[in-house]
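Summarising the annotation, TrEMBL assigns compositional bias 'Low complexity' to 1-18. Here TrEMBL flags 1-48, 78-120 as region 'Disordered'. Look at TrEMBL and you will find 19-32 tagged as compositional bias 'Basic residues'. Positions annotated as compositional bias 'Pro residues' by TrEMBL: 89-104. What TrEMBL records for 105-119 is compositional bias 'Gly residues'. The transmembrane segment annotation in TrEMBL covers 161-194. TrEMBL lists 188-325 with the feature domain 'N-acetyltransferase'.
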Amino acid sequence: AAQLPARAPAARLRPAPLSRRRRGPRAPRPARARAEPRRPRPALRPAGCMHCGPPDMVCETKIVAAEDHEALPGAQKDARLAAAGARWPPLPAAPPPAPAPGPQPRGGAGGAGPPGGRGVHIREFRAAEQEAARRIFYDGIMERIPNTAFRGLRQHPRTQLLYALLAVLCFALTRSLLLTSLVPAGLLGLRYYYSRKVVLAYLDCALHSDMADIEQYYMKPPGSCFWVAVLDGNVVGIVAARAHEADNTVELLRMSVDARFRGKGIAKALGRKVLEFALLHNYSAVVLGTTAVKVAAHKLYESLGFRHMGSSDHYVLPGMTLSLAERLFFQVRYHRYRLQLREE
């Protein structure tokens, strides 16, 4: 019989080391705060870039400066702001655009800027400019005919109500829509006729009084003066000043600018000339009265510092006859302005 191989001796069981012994459940370890990754150190810069820094450093500097700025008291804050403003000078003004090539309109390109700039200046009236000043005054007053007839109607609600009642009365009497629709057109036509009639009478009165001889009326008497705005040798605006010794005031009047040169600040420069005249001669205030309908004229007076003192619907314009038809179809509102220069 074949012999079976001898069995290997059984391995002796050894006790497991202490590190391998079975232990109970471990207590959970407290979670460690994850360390933030270190920010890479900025690379060395050459000596020529001492004032250049990475974007993140610039942002941090702005945030810290803002927090410190809020914590500063008022005096230190103002000092810091002043120092910062002195560090960066303001940007230079942009150069004016070059004039477009081609023929220039009458008056040249110098009138495009504000008065006192290139080509425009204010000076006293000369006798040779009599007709030019009268023409500008005439054109400015003639513009008030449509303004008073049509735009001025918005300032008189009672007249609007009266015209509406006339239209209703026409429909009640005629029962005709065609005739009733013609009533507003007829009323506006009558307003234009009487506005032209009154304004032409006013012009005739002015052109035969102070505007007939400007030098005699404004340049020779003390406390009065007349100025013109000149652009490339052409008169484009006028204004006058007349003193009232009773209340130590100066009245601004006869202000007008050629329609082709408006919107360039010429009227404001003329008004300032009157204010300088009043200050130079120690007058206490400058006053003016106007029947202008355009809002731009009133904004001009307010921009010069004038204060609206009130208005009246019962002003009698030179040349008015005060007839019933004239009162019905011509209304004008007179506004008073005053600029106090010093207290009496």
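Counting begins at 1 with the first residue displayed.
Yeah, the Cβs are placed from backbone N, Cα and C, and that goes for glycine too.
All annotation found in TrEMBL is predicted automatically rather than curated by experts.
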Secondary structure composition of the domain 'N-acetyltransferase' (188-325) [DSSP: H/G/I, E/B, coil]: 58 helix, 40 strand, 40 coil
PLDDT averaged over every residue in the domain 'N-acetyltransferase' (188-325): 94
